[in-house]
Protein chains: 2
Amino acid sequence: MNFITSKDSLHHAVNIVQKAVSNKTTMPILEGILFRIVDNTIYLMGTDLEIGIKTVLPGQIISSGSVVISAKLISEIVRKLPDDDVIIELKENHVLNIKCSNSEFNIQGQSGDDFPQLPEVDSAQEISVPKELFKGMIRETIFSVAKNENIPILTGELLELQNGILKFVALDGYRLAVRQGFIDNPISLKEVVPERTLSELYRITSLSSEDNIYMSYSKNQILFRLGGTSIVSRLLEGEFINYNQIIPQNYTTKVKVDVRDLLASSERASLMVGSGESNLIKLNFSNDTLEIRSNSEIGTVCEQVEVEMEGDPLKIAFNSTYLIDVLKVISDEEVYLEFTTPVSPCVLRPITGDNYTYLILPVRYMEH
Amino acid sequence: MNFITSKDSLHHAVNIVQKAVSNKTTMPILEGILFRIVDNTIYLMGTDLEIGIKTVLPGQIISSGSVVISAKLISEIVRKLPDDDVIIELKENHVLNIKCSNSEFNIQGQSGDDFPQLPEVDSAQEISVPKELFKGMIRETIFSVAKNENIPILTGELLELQNGILKFVALDGYRLAVRQGFIDNPISLKEVVPERTLSELYRITSLSSEDNIYMSYSKNQILFRLGGTSIVSRLLEGEFINYNQIIPQNYTTKVKVDVRDLLASSERASLMVGSGESNLIKLNFSNDTLEIRSNSEIGTVCEQVEVEMEGDPLKIAFNSTYLIDVLKVISDEEVYLEFTTPVSPCVLRPITGDNYTYLILPVRYMEH
């Protein structure tokens, strides 16, 4: 294996595949990145057997071959190389020689033949999604994925495509996030993708200048393709919860509120929740005013927010974290909050359109 | 106590005094910031009994008094307040009422009478130092202060003023940093200031728009004044090491080198030092070329740097950390390295002038 590339190209490629590399593994070879030249193309690849990332490295090929190099070491070296051409040559005993300007490294590697292959995904049917839409859909739902593994299927997000409408759905038992976009594709899809895969995809799409991401899937695997980069991930097994039936369709109180105002007031109110676990803040809607209160051993806070109300006055309490998490990802200026009773979920909807639906369960509390 | 100030002024003042507040203390009152109005001035103060920071808060005073408020809580609240006037009023039982726009907090505080006073420092003789010079002198020496407390006096820096020349000196047994500047002041000073005080001073000078910092000292204390902010610190007791006698005055090899080139090469070479404790990199000066080598179980590296040499060829080895730390703070384009033998210190000096002198001890090693 022998090729010439640039410091920037190498840095970019190592950055992309590095995050699939496992930090704690019982297989030392998985701490490495595979460098491989085959079919006149230079590939870099990292995997922890749950997710695999492969990317094409542009360069001038002199001879083919493969080797596995410590991901940590190669990324530190590449970061510090001068901005110049990099000449990479595989020597005997899996030693990789790296020359760049007045700098020369010889690094002990491992045989590339021992590195696991990425599973094949039949990509006859590819679904194209505009990259910015895809990124937004991850960002605006991923916080609602379940953090603990009590219900394994909830540690991923449902990706659903039907009649050209793509939906990302995350839910953790206390809240639900649904984000949708129109992509005009007749294919049907209903698969659950692990949270980690989505957060890596978010990171990789942020590094890429491509306009579109392409998805395809087989029974157990899903493949995302973004230019010369492929991300393969296992899918979560099992049936996702029927989220549609838990979204209330009616309301008795509907409130229009400025998102930034409500976020700032909720954040301030949350400073007084004290050391209790529920992070309780109390909301009182009446006469076009929302009053948010919180109190604990450290003190009390009262916030007033102007709102536009329709329907009945209402007192309700939330875990402040759940309200703050949702408000942080809504980029609209205003939002609708819909309520029925103090013990029923609150639904957040856009003023126009139906790009998103968020649901938060309230906390029951005793009025003093 | 009752006054009106702005969110920005309050935020700035809390930021300044907060770092003197101890995180781990057996006296709960020291986890707080003292708010105090006396002599028609609003003061904020924090202390951990080793260092105390007091600052004037601009505002409109309605009535005087004092209270101690949790530093952590008040800084979180102030950071999240709207950009508006803040009305602060002390209620019964040390409860502090904070009103800002539509936000109102009541925080449980403690009696201001229980807060320790800052020690008085006789400030008849103040030494004025341009702030930027003072900052630079800290930045360019503080990394050489001893990290462990085997020799307590070395956990501080010597501040020495004689014949108008101000010197900051730090030394840890492996390296020495001396930085000097001319301030045209006939006062003599020779005191050792704890590292923590200097790092807080660096932080506070970075927040300030003042042009000068004023120093004054008594037997055990030193006072730094920067506009409305005072920092009082204990001094370290004992005699500082006579650093002048350990700086070699002669050399047999003198090398002029580009600082950024040498830094980059040293950083790359340090990637191959492996898991040994000495971080050993080997330097070989000959024929106007410096070759830096390092090798370990993970691989080898060879770096070449062009230099201008005077005197004998030389092979010497260093702990890469010590060389890198020094090179990072030298802002000059080029520097002189002076050597006598492979087991004698290397001295770094500016090409022109005598603003700084750095010394690094080499590491003995066996040639394979």
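Here, residue 1 is simply the first one shown, and the rest follow in order.
A Cβ is built for glycine as well, from the same backbone N, Cα and C atoms used for every other residue.
Given the structure is predicted, the values throughout are model-derived calculations rather than measurements.
As annotated by TrEMBL, domain 'DNA polymerase III beta sliding clamp N-terminal' applies to B:1-119.
Taken from TrEMBL, the feature domain 'DNA polymerase III beta sliding clamp central' applies to B:129-240.
As annotated by TrEMBL, domain 'DNA polymerase III beta sliding clamp C-terminal' applies to B:245-364. DSSP assignment over the domain 'DNA polymerase III beta sliding clamp C-terminal' (B:245-364) gives 24 helix, 56 strand, 40 coil.
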Worksheet entry | Local confidence of the prediction over the domain 'DNA polymerase III beta sliding clamp central' (B:129-240), expressed as mean pLDDT | 95
Worksheet entry | Within the domain 'DNA polymerase III beta sliding clamp central' (B:129-240), residues counted as helix, strand or coil by DSSP | 29 helix, 49 strand, 34 coil
